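In what follows, a structure is listed as structure tokens, so that the remarks can point back to it.
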Amino acid sequence: MYSRIIGTGSYLPEKVLTNQDLESMVDTSDEWIRTRTGIERRHIAAEGQMASDLALEASRNAIEAADIQAKDIDLIIVATTTPDMIFPSTACILQNKLGMSNGPAFDVQAVCSGFIYALATADMFVSSGKARNALVVGAEVYSRIMDWNDRSTCVLFGDGAGAVILTRDQKPGILSSHLHADGSYSQVLTAPASIHSGKIQGTPFITMEGGTVFKFAVKVLEEAALEALQANQLQPSDIDWLIPHQANIRIITSTAKKLGIPEEKVVATVSQHGNTSAASVPLALDQAVRDGRIQPDQHIVLEGVGGGFTWGSVLVRW
């Protein structure tokens, strides 16, 4: 028995922050941002709009696409680095907003690899018979943990959510998943704040060593894709679509080049929403499904890399 994706959905907040807007906020330019990242705009959550609110809209779209009802879902996994609160989980909050009270609901935190981790986890539940219909969501409000005076990071990130519905099926859907982590890199990309006696200790904002992140990301994204292909006796030429984490265009194109995958087989949406962390892969997937690029029986590699470092891949037959 397999798990199969039967519906996708996404949501981006209404407010758009362009590169031109950022020119008036920090010492940067539209040309500098586009040349180095490929990003043209990013979406920013409204005041009071939480990760669960973004997740709710993406989930509704995925549920509609799957032609099921919320009550049919018996597992919710939300990947987020920016939860609504310390606890309860954003997944539990989302479950309530969907009008549900059945089945487990929990969060996964693997930063930009979060959706890959969550999808792999849901696949294990569904393919083993522990769940029938799973809702898997990546949702982020990175604007809340951004230092808007730091031009090295504030130009990169945006808010958004993407979701998929997994169901049990005899026909192959998710073929394999591959997850990894190396905590020795934990200080390279981090938001290191912690709470002690009600007070925040350390900076709550994102800090990163950009050069180290770039080199590591390209290396492990190539390895993760090859691992998935080798596990299924496939070659890079057998990939119909590569959907990597939408960090920046240089990482995306460098990964594809190392794999020998032509640009026309790569789904890249980073220009329209920036790095949305755990939301980026399902956002890109949903766009490619809705615009008709993804067709039945195609092979798709979904992959991500994030702080930790964490990384992984999922190979899908659509």
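Including glycine, each Cβ sits where the backbone N, Cα and C put it.
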Swiss-Prot lists region 'ACP-binding' for one of the ranges 31-35, 46-50, 246-250, 251-255; which is that range?
246-250
Sorry to bug you, but what's the C-alpha spacing from Asn275 (active site) to His245 (active site), rounded to the closest Å?
8
Express the distance between the Cα positions of Asn275 (active site) and Cys112 (active site) as a whole number of Å.
9
